[in-house]
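Chemist: What Swiss-Prot records for this protein is below:
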type: DISULFID; residues: Cys1-Cys16; note: disulfide bond
type: DISULFID; residues: Cys8-Cys19; note: disulfide bond
type: DISULFID; residues: Cys15-Cys26; note: disulfide bond
type: MOD_RES; residues: Pro4; note: 4-hydroxyproline
type: MOD_RES; residues: Pro10; note: 4-hydroxyproline
type: MOD_RES; residues: Pro21; note: 4-hydroxyproline
Amino acid sequence: CLSPGSSCSPTSYNCCRSCNPYSRKC
């Protein structure tokens with residue numbers, strides 16, 4: 001999974017916890 005602070009997409013669930021849709025980071 002992606003480490004916290006990594007850029008992510010709100011539609012993908014590859015973060016360790018969750019993706020922030022506003023900052024687009026885990």
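The backbone N, Cα and C atoms fix where each Cβ goes, glycine too.
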Chemist: Would you mind reading off the Cα separation of Cys16 (disulfide bond) from Pro4 (4-hydroxyproline), to the nearest angstrom?
Modeler: 7
Chemist: Please report the distance from the Cα of Cys8 (disulfide bond) to the Cα of Cys26 (disulfide bond), rounded to the nearest angstrom.
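Modeler: For Cys8 (disulfide bond) versus Cys26 (disulfide bond), the Cα atoms are 6 Å apart.
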Chemist: Per DSSP, Cys15 (disulfide bond) is which: helix, strand or coil?
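Modeler: Its secondary structure by DSSP: strand.
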Chemist: What recorded positions in the list Cys1, Pro4, Pro21 lie within 10 angstroms of Cys15 (disulfide bond), counting C-alpha atoms?
Modeler: Cys1, Pro4
Chemist: Using a 10 Å cut-off between Cα atoms, which of these recorded positions sit near Pro10 (4-hydroxyproline): Cys1, Pro4, Cys19?
Modeler: Cys19
Chemist: I need the CA-to-CA distance for Cys19 (disulfide bond) versus Pro4 (4-hydroxyproline), whole Å please.
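Modeler: Rounded to the nearest whole number, the Cα-Cα distance is 9 Å.
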Chemist: Would you mind reading off the Cα separation of Cys1 (disulfide bond) from Pro21 (4-hydroxyproline), to the nearest angstrom?
Modeler: 17
Chemist: Fewest other C-beta atoms within 10 angstroms of its own C-beta: which of the disulfide-bonded residues Cys15, Cys16, Cys19 fits that?
Modeler: Cys16
Chemist: If one measures from the C-alpha of Cys26 (disulfide bond) to the C-alpha of Pro4 (4-hydroxyproline), what distance in angstrom results, rounded to a whole number?
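Modeler: Just about 5 Å between their Cα atoms.
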Chemist: With a 10 Å radius around each C-beta, find which of these disulfide-bonded residues (Cys1, Cys26) has the fewest other C-beta atoms nearby.
Modeler: Cys1
Chemist: To the nearest Å, how far is the Cα of Pro21 (4-hydroxyproline) from the Cα of Pro4 (4-hydroxyproline)?
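Modeler: Answer for this pair: 14 Å between alpha carbons.
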